[in-house]
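Novice: The following feature annotations were taken from TrEMBL:
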ACT_SITE  ASP78  active site
ACT_SITE  GLU137  active site, proton acceptor
BINDING   CYS103, HIS105, GLU137, HIS163, HIS356  Mn(2+) binding site
DOMAIN    189-276  domain 'Peptidase M20 dimerisation'
Amino acid sequence: MSATVTGNTSNPSAFVAIRRELHQIPEPGFAEFKTQQLLLKYIHSLPQGRVEIRTWRTGIIVNVRGTSPTRRFGYRADMDGLPITEDTSYEFRSVHEGYMHACGHDVHMSIGLGVLTHFVEHPIKDDITFIFQPAEEGPGGAQPMLAAEELQDWLPDQMLALHIAPEYPVGTIATKPGILFANTSELFIDLTGKGGHAAFPHLANDMVVAACQLVSQLQTVVSRNVNPLDSAVITIGKIDGGTKQNIIAEKARLEGTIRTLSADTMTLVKSRIESLTAGIETAYHCRTHIDYGANYRQVYNHEQITREFMDWVRETDTVTLIECSEAMTGEDFGYFLEHIPGFMFWLGVDTPYGLHHAKIEPNEQAIDYAIDVIARYITWKSDR
Ligand SMILES: CC(=O)N[C@@H](CCC[C@H](N)C(=O)O)C(=O)O
């Protein structure tokens, strides 16, 4: 089945226009102050008869009351941006220097507002909780938000979330029952040795050399320690070290992330990282410190609810459904799914640049398209 999508970028719909406003003000996790204000302003502008609004830190929780509720559905959108200097062709580029919505959270939020608006205007029998969640990219807002007092009486019985997918055309939804996204752990390794003059290396312990050795050795964990039929990733995304080209570095720091499809493999990978780091300590007579930062639970889609959603999608003639493989991306929505049955899906936004890329330009036609699909799905589900 193919999608019939319409859209006009020079005359954007209300939610595309909101996405463009959000796009200009990307903020770090738990600092989404302007984003929260913009969302609140819009939500307060809606008829308030069925709407109750609460805030939690920089997040927002909205209850849209149903007409005779027996259940509660939930939609979650993440709110934070990334420390990336934007390099798109947009006129509505980020005005926050060095920050960018490069993971689609501006799209996720505007879709959330669209679905919310739909149910304010067309109430269904059941209640719906809309969760605008801070800090998905780190340090993780889902786990503390799930435990927040403000959410307890509005906890959904079933919930969903989406993530933009650059590689799929608009009109495509991709998902699967079971594991969709990996377990994640951040990784920060500090190395401290002895600095010195560049001309006297024998009198120093060079932490640039030690850090480079460690990065190379870390490549052996996935290739030599993880079962080839399992999956794991170690990415070191950032290295800091030294102060000047002719000074031997006393300190270096590696920053990365670990991804695994099973919790046991995460334990194995961490144990190997610890052994290799201890080996570097011995070899280079230096001190090391490992910090695992934020850890996210896998995103595990509820088998039955996801199959039912996929069957429903197959029946609609506006959506192309792909049953995809799991990915090594992480998402703290996994914490919600650990306690509340539901699912996440990929939404095609058809752009040549991937997530976390400075040039990513999601096709905005996906916004109104997703609002329509999600509103129809929740309405259908509530009628059953
Ligand atoms: C969808 C996506 O890109 N999510 C992020 C989540 C980051 C988790 C954490 N900060 C880490 O780096 O481990 C991802 O990078 O997959």
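Each Cβ is built from the backbone N, Cα and C atoms, and glycine gets one as well.
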Novice: Around the C-beta of GLU137 (active site, proton acceptor), how many further C-beta atoms are within 10 angstroms, looking at every protein chain?
Specialist: 23
Novice: Where DSSP helix means H, G or I and strand means E or B, what are the helix, strand and coil counts for the domain 'Peptidase M20 dimerisation' (189-276)?
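Specialist: Its residues divide into 36 helix, 30 strand, 22 coil.
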Novice: Could you check which of the recorded positions ASP78, CYS103, HIS105, GLU137 have their CB within less than 6 A of ligand 1?
Specialist: CYS103, GLU137
Novice: Including all protein chains displayed, how many Cβ atoms other than that of HIS105 (Mn(2+) binding site) lie within 10 Å of its Cβ?
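Specialist: Its Cβ has 27 other Cβ atoms within 10 Å.
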Novice: Using a Cβ cut-off under 8 Å and a sequence separation of 6 or more, which residues in the same chain sit near CYS103 (Mn(2+) binding site)?
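Specialist: Spatial neighbours, sequence-distant, of CYS103 (Mn(2+) binding site): GLY81, LEU82, GLU136, GLU137, ILE164, LEU355, HIS356.
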Novice: Taking the mean position of the Cβ atoms of CYS103, HIS105, GLU137, HIS163, HIS356 as the Mn(2+) site, which residues outside that list, in the same chain, have a Cβ no more than 8 Å away, listed in sequence order?
Specialist: ASP78, ASP80, LEU82, HIS101, ALA102, GLY104, GLU136, LEU355
Novice: Restricting to the domain 'Peptidase M20 dimerisation' (189-276), what is the model's mean pLDDT?
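Specialist: The answer is 98, the mean pLDDT of the model over that range.
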Novice: Looking at the binding-site residues HIS163, HIS356, which sits with the largest number of other Cβ atoms within 10 Å of its Cβ?
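Specialist: Of the binding-site residues HIS163, HIS356, the most buried by Cβ count within 10 Å is HIS163.
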Novice: For HIS163 (Mn(2+) binding site) and ASP78 (active site), what Cα-Cα distance in Å is obtained after rounding to a whole number?
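Specialist: Checking the Cα atoms of HIS163 (Mn(2+) binding site) and ASP78 (active site) gives a distance of 9 Å.
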Novice: If you run the three-state DSSP split on HIS105 (Mn(2+) binding site), which class comes out?
Specialist: helix
Novice: Rounded to the nearest angstrom, how far is the Cα of HIS105 (Mn(2+) binding site) from the Cα of ASP78 (active site)?
Specialist: 6
Novice: Tell me the Cβ neighbour count for the residue listed as 'active site', meaning other Cβ atoms within 10 Å of its Cβ, over all protein chains shown.
Specialist: 27
